[in-house]
Amino acid sequence: MEKNLKNVLVISFGFLLLFTAYGGLQSLQSSLHSEEGLGVASLSVLYAALILSSMFLPPILIKKLGCKWTMAGSMCCYIAFSLGNFYASWYTLIPTSVILGLGGAPLWSAKCTYLTIAGNSYAEKAGKNGKDIINQYFGVFFLIFQSAGIWGNLISSLIFSQASNKVEISKENLACCGAYDCMTDTTNTTGSSEVSNSLIYTLLGIYTASGVLAVLLIVIFLDQIKSDQAENEKEILETPSFWSTFLATFQHLKDKRQCLLIPLTMYSGFEQGFLSGDYTKAYVTCALGIHYVGYAMICFSAVNSLCSLLFGKISQYTGRKLLFALATVANTACIIALLLWKPHPKQLAVFFVFPALWGLSDAIWQTQTNGLYGILFEKHKEAAFANYRLWESLGFVIAFGYSTKLQVYIKLYILLSVLVLSMVMYGAVEYLEAKSSPGTPTSIKKENVGPSTQETRM
């Protein structure tokens, strides 16, 4: 096997193992640790740490440790989070969330740097176009990586479905499910109380083992970047310099279009935070039980992956405006329906309709917003995507931060308000673009923006 392709596969399966564990664990945080909002508080802290990490750590760690050992060390941060869940408390989960957040940005940056260097190296030897090879490597990576959400959630649902003491949820408890939840410590825990500690420890043990295997895979099988490639790596990290990039992130806000896109970018964090933090807890866990959370999130992940591929292809024919309109209609319909619907176990199919439609919408928000950034700010991509990561992560922080303070219906109204504001601001961006360059097609061009999308997904 071609050596560089072997390294691509090692990284891909390493990330698959790592995010099989993290993805499943993130979906369960609000349900497993609902006391005093510990679960969603940990996720809010995690994304706040990710913001700081994105600004400072990646260039420093990669320069000192190299790509391989930065990836291995960052993966250990994810394992620490899994271990913190064994004895979840404010003294274990919050610190490990900070550790994971700090390790997130270096992990993704090291991966992107490694694949870029490997692609350029092979292209130079084979006499091929470096950009084409890099795109192929990223394509292989995301083909393997995208299934992590499915496997992680499948494992959790299969394990929790083994609970022998399943109880029927009473009418009183069902009345506290949905948009008008009762906001008490016992609310939404009825569906998770049926799971024994032994099953939780079994799941956490599997997730931790999966993370350890990921680290071993990287340490044992991933090749170091050769000495003749070190200069290339140094150039990638130092051009432009760290401080100039850091300052450029905030200087980029002088661009009126970037400011107008802030609500849309933050909405991406809001809507993902609502699904994984509130829908899973107030609807699925509350009315069906925690063992259904994984199945609901599998539905979301599968539809999201398929639609990301589909919309990435058809956007050149439909244009981004039509796709943004479709996502807006789908999300608005879901929000209104969630406000009106009283979840009941007999309506099993409905619990999967919402994550499916949410996955369709999220696929558009991710692919088209990234593509929009790539087109509008083609000459300042690094600063633009740094802003993308910053504002989307801030959306996550806010969504998880107020999760335990507000009733679900208020959060749905906030979500709807931010969505409306986002579309108004986005319309202003399109108007400015049409005014400045009439006759220029607005359809999304094919951009290699996958890495930036996934960085915010941790």
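Quick reminder: no glycine exception, Cβ is built from N, Cα and C everywhere.
Those TrEMBL annotations? Automatic predictions, nothing curated.
Some features that TrEMBL has for this protein:
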type	residues	note
REGION	437-458	region 'Disordered'
TRANSMEM	39-57	transmembrane segment
TRANSMEM	69-88	transmembrane segment
TRANSMEM	94-117	transmembrane segment
TRANSMEM	137-160	transmembrane segment
TRANSMEM	199-222	transmembrane segment
TRANSMEM	289-311	transmembrane segment
TRANSMEM	323-341	transmembrane segment
TRANSMEM	347-365	transmembrane segment
TRANSMEM	386-404	transmembrane segment
TRANSMEM	410-429	transmembrane segment
Checklist outcome for this item: Ranked by Cβ pairs within a distance under 8 Å of the transmembrane segment (323-341), the first of 39-57, 94-117, 137-160, 347-365, 410-429 is 347-365
Item to check | Candidate ranges 94-117, 137-160, 410-429 - greatest C-beta contact count to the transmembrane segment (69-88) (under 8 angstroms) | outcome: 94-117
Item to check | Recorded stretch, among 39-57, 94-117, 137-160, 410-429, maximising Cβ pairs under 8 Å relative to the transmembrane segment (289-311) | outcome: 137-160
Checklist entry - If you count Cβ pairs under 8 Å, which stretch among 39-57, 137-160, 199-222, 347-365, 410-429 touches the transmembrane segment (386-404) the most? => result 39-57
Item to check | Intrachain residues whose Cβ lies under 8 Å of the transmembrane segment (94-117), provided they are six or more past its termini | outcome: 7-8, 11, 15, 22, 41-43, 45-50, 52-54, 57-59, 61-62, 67-68, 70-71, 73-78, 80-81, 83-85, 134, 137-138, 141, 225, 229, 232-233, 236-237, 451, 454-455, 458
